[in-house]
Ligand code: SRM
Ligand code: SF4
């Protein structure tokens, strides 16, 4: 790590070090029209930086683009801007080649992602979201790895209607994507009701206070009034250029690391006293998953624990961490723009010093904490307030009805019709029917059984996640959500043949190395390389605190079981009491241990053949 490299910032001369001589950001980036000097500084910056500046606070040509009925698409530049509004333009990749052959426009539609801080929705909101899915989208609700919902397949002419329906139940999609602080996650934490309340409140406060202030969303999607002066309105925290890249924040409550805190740019770990009261927060910075195959200067990284703050300082700390990244993050190369690279470039000490400078006080030393896993706790749990909570496993978060199988869409709709509590989405793509009074348990349980919502979830499956990938994701190199269920069936057979069917092993698959299902902190990680080809990663920690290592390159889908089977056999035979699979493969010498991002690519396995 080099703490003394000159720093490229968008707004000033290169800095020698972020400590001595570092330019302080007394005022947010200018909201005035760009001067010549500023324009010169902007030269060489990533295209998206120019786009943001020219967009008039995220308006671009979106309003006009929606009126062009001859195409289902919007312009490429507006396609970048629309992300800040929580949308992605996509096309159906299953029929792309066929349509190209017929000289037809791609089958464009939009993915819409909601902002639901902490993943909590009321039954009324659930019913409305369900109706939107069946009216305007592809008939499914997709629970994501970051505790919210996505719609797929919304065509351009339905976008405004969809947004109006979302707004009608007091939800929105602002900043669900784009170079901003995204949906803030919070531990669902059914057992510790008091701690959940505090964590959830912090997530909501951070989400609201770091929300872009532009009126563009209301104006474009809800035909809201344009504010007087329009483009001259002020973004007090972000300025015209927003952030260099996406920024993700989570709030965790030990002992569960269900939100995978080490994968996020910024995190708060609740420090609890003996009565489960939150006494303050450990602050984590610099986690992230995304990388590019074959480019070793891109890598996943687990976050560092930077310090401790008192409850009343958490919001200030969040803003300070985000604004240091705003000012120090790399705006020339989007592949190196996330906070994890900023921390690698400047060092954690310099970064902490600048955060402390901005909050006007020192952070405390991190307090001890223990995580016991990054999965969900399934089944019924009674909270310390006497309310009941039921966590259901939803395969890859896809809420739909399967003929002859689970009917999650109808079943959860029926439950929403009678439920008096709320629903919580988890960071593992699952759903919790939360805050059920004791007297309602049996009725809810009967509906769960009637709609087959608990069938077929063995230990491996319960600890699995797959990203969306094909056919909607434009970046997918291989299948993921559609492929994982079959692979799990094969691996369950293999595990059972070694008596390991009840072992909790985390497995995650993604269609490309962007890592949307956080595969590099799963004990078994499959990462798409090309059609039916995956890199296989092993050796991450069960609690999500250690990255994995590449074990085998380019394994075909047909080979995966054969590659893993001897490892399962060795694990069954040689594991120590309580030893997790991810720890075992390192101790047994199948892969070397990754200490953090910079040595993630250091050694490609296997060290020892299975
Ligand atoms: Fe993601 C891009 C889906 C969580 C890292 N992600 C995408 C896009 C929008 C593809 C695109 O840019 O065109 C995917 C849309 C697929 C589709 O058809 O819906 C997509 N990401 C998802 C979701 C839906 C996966 C899922 O199966 O649930 C998750 C939505 C989360 C949410 O509600 O906000 C999702 N994405 C993640 C995570 C996990 C997390 O944050 O805990 C990561 C890894 C952590 C991280 O950010 O480093 C992640 N997604 C990425 C990246 C790589 C970022 C990077 O720093 O390199 C991209 C590509 C990019 O940003 O350039 C990406
Ligand atoms: Fe798409 Fe890759 Fe994310 Fe999967 S990991 S959803 S393939 S971007």
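Each position is counted from 1, following the chain as shown.
Using the three backbone atoms N, Cα and C, a Cβ is placed for every residue, glycine included.
Listed features, source TrEMBL:
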BINDING   467, 473, 512, 516  [4Fe-4S] cluster binding site
BINDING   516  siroheme binding site
DOMAIN    110-168  domain 'Nitrite/Sulfite reductase ferredoxin-like'
DOMAIN    207-362  domain 'Nitrite/sulphite reductase 4Fe-4S'
DOMAIN    385-448  domain 'Nitrite/Sulfite reductase ferredoxin-like'
REGION    1-29  region 'Disordered'
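The 10 Å shell around the Cβ of residue 516 ([4Fe-4S] cluster binding site) contains 23 further Cβ atoms across the protein chains shown. Its Cβ taken as reference, residue 473 ([4Fe-4S] cluster binding site) is surrounded by 22 other Cβ atoms within 10 Å in the chains shown. Annotation: 467 carries the greatest number of neighbouring Cβ atoms among the binding-site residues 467, 512 [cut-off 10 Å, Cβ to Cβ]. In this model, the domain 'Nitrite/Sulfite reductase ferredoxin-like' (385-448) carries an average pLDDT of 96. Those same-chain residues not listed among 467, 473, 512, 516 yet with C-beta within 8 angstroms of the centroid of the [4Fe-4S] cluster site C-beta atoms are 468, 469, 475, 476, 480, 510, 511, 514, 515, 517, 528. According to DSSP, residue 473 ([4Fe-4S] cluster binding site) is assigned to coil rather than to any helix or strand. According to DSSP, residue 516 ([4Fe-4S] cluster binding site) is assigned to coil rather than to any helix or strand.
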